[in-house]
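Here TrEMBL flags 1-23 as region 'Disordered'. Summarising the annotation, TrEMBL assigns transmembrane segment to 40-68, 88-105, 112-134, 154-171, 197-219, 225-244, 349-371, 391-409, 430-449, 509-533, 553-575.
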């Protein structure tokens, strides 16, 4: 507690000397000076870092499904499932990174360590591909098969790509939150910049992947896998150097300790008092003080959460009062109101988070079934072959266009028409779900026409349909438009609605939504194949797509997303936003998060 009091005293003095008011500190733990740290200088460094790291990640991920089918000889359904599981694991690791960041290491140290793991994993993948996987020379283009691989070669491949998953997964949720940390929420101008940062962050993510989806995608499609992987390694290494180069300019927040024990304490204390009747008001509720409190909610003492209803874990019984008088405070029986409110904030987020998983099932089709669908279409323009994975560049261009359209046209127009101002994050996420339904319907219709012009009995189904691959453009563009509303809104929403000490966890919720979406996608593919292959039928997603019904799978996803939209609307109406009191006495009640 003494150290906390010293920090608060320094912070109070610092505010008079031009320091931030949100509790952020500099590299040495002193209150951050507004003019020397953070803001757009640090923000741009982080955006560039994100762009380079994303280029590196998608240099592996965007064509991984083709690498598995062409180099490791997996079938279409098996490769799609492998990619879904790998991508899902990437985002599961985001929880590991968020936990270490919020609890012990802080965001800067966590980002640096996981980026180093990311670089090592990419280098190992590049070496394994160049030395042992691409044999005989020239294999991997889809026309000449590679030789069977030994168990240790397969093991080395999976070790490297899951190191890439660990590095990128642990880094991603923290870099988004660390970038937002560079803007003082308590300053009106910097607060607006913080909201803009999330849009630019997602734009940097997509622009970073543009090079991967076009140039690297072309080289990899032509069988130059080692070159593509080494380019990704170089990009990740440059991103790490850039990140470390901006060290002195960053703002930091102190880690707040293990959140799991705090959550468990609230749940146990509430169960112990579930029969207690709490009288109206807050007269018998416990708030940590100088004698018995802890600094776990402090986060620099930045902002206080305004109280909502229901505090059994914080209810002071006569037994609790006696224990406090005897300095025998038991955190498993009595918790401060602020600790209870922290748990309630996270629990209120969970229904919204669950509703985003089906959307992620739709989103993940771009890296798997969209690529396989495009590979079976006419990919030639004159004598040039378009790599199927490069079609996701239309998704990226759509993201860039709709971010500009929303920020410059739609948002100002909505502000003029609506008395309540801009669309809330929850409203934008709902719009994203609607557009996702349209994207799946578009993909299903395109597949119907692809089958109409396909050769049914092809041996190698690459380019077996005369329908041009450019008919995929609408489904990619619609996915991109939905991302601007869903994922940008999600980043803003979970960052704003997570307690100050769990901001990385809030960003990790976005990542784990994508993770579970990949696992659900893999599960759906497995179930669909099991059901649709009865009586020796080829199934909806066979090795020869021309004998299957991929269109039915897309229409199934459209129907599931429509059902999810209805449930989401109900959850969004039920949601109660977290309310904060800033250091300057204002609160965010007027922001509104309803639909």
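All positions are counted from 1 along the displayed chain.
The backbone N, Cα and C atoms fix where each Cβ goes, and this holds for glycine too.
Fair warning: this is a prediction, and the values are worked out from it, not measured in the lab.
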Practice item. Could you check if the transmembrane segment (391-409) is in contact with the transmembrane segment (349-371), meaning 3+ Cβ pairs under 8 Å among residue pairs at least 6 apart in sequence? Key: yes
Point to revise | Outside the transmembrane segment (112-134), six or more residues from its ends: residues with CB under 8 Å to it | key: 53, 56-57, 60, 71-72, 97, 105, 140, 146, 149, 153, 156-157, 159-171, 174, 223, 225-226, 229-230, 232-233, 236-237, 239-240, 243-244
Practice item. Could you tell me what the rest of the chain brings near the transmembrane segment (553-575), counting residues at least six beyond its ends with Cβ under 8 Å? Key: 348, 351-352, 354-356, 358-359, 361-362, 365, 369, 426-427, 429-430, 433-434, 436-437, 440-441, 443-444, 447, 524-525, 528, 540-541, 593-595
Point to revise | Chain residues outside the transmembrane segment (430-449) and at least six past its termini with a C-beta under 8 angstroms from it | key: 359, 362-363, 365, 370, 373, 423, 467, 471-472, 474-475, 478-479, 481-487, 489, 550-552, 554-555, 557-558, 561-562, 564-565, 568-569, 572, 595
Review point. Out of 40-68, 88-105, 197-219, 225-244, 509-533, which stretch has the largest tally of CB pairs under 8 angstroms to the transmembrane segment (349-371)?
Key: 509-533
Study note, to complete from the structure: Given 40-68, 88-105, 197-219, 225-244, 509-533, the one sharing the most C-beta pairs under 8 Å with the transmembrane segment (154-171) is 88-105
Point to revise | Cβ-based contact of the transmembrane segment (225-244) with the transmembrane segment (40-68), 3 or more pairs under 8 Å | key: yes
**Study point:** Paired segments the transmembrane segment (40-68) and the transmembrane segment (197-219) in contact, 3+ CB pairs under 8 A
**Key:** yes
Exercise for review: State the non-local partners of the transmembrane segment (509-533) in its own chain: residues 6+ outside its ends, Cβ under 8 Å from one of its Cβ atoms.
Suggested key: 77, 80-81, 84-85, 87-92, 94-95, 169, 172-173, 349, 353, 356-365, 368, 487, 490-491, 494, 498, 539-541, 549, 553, 556-557
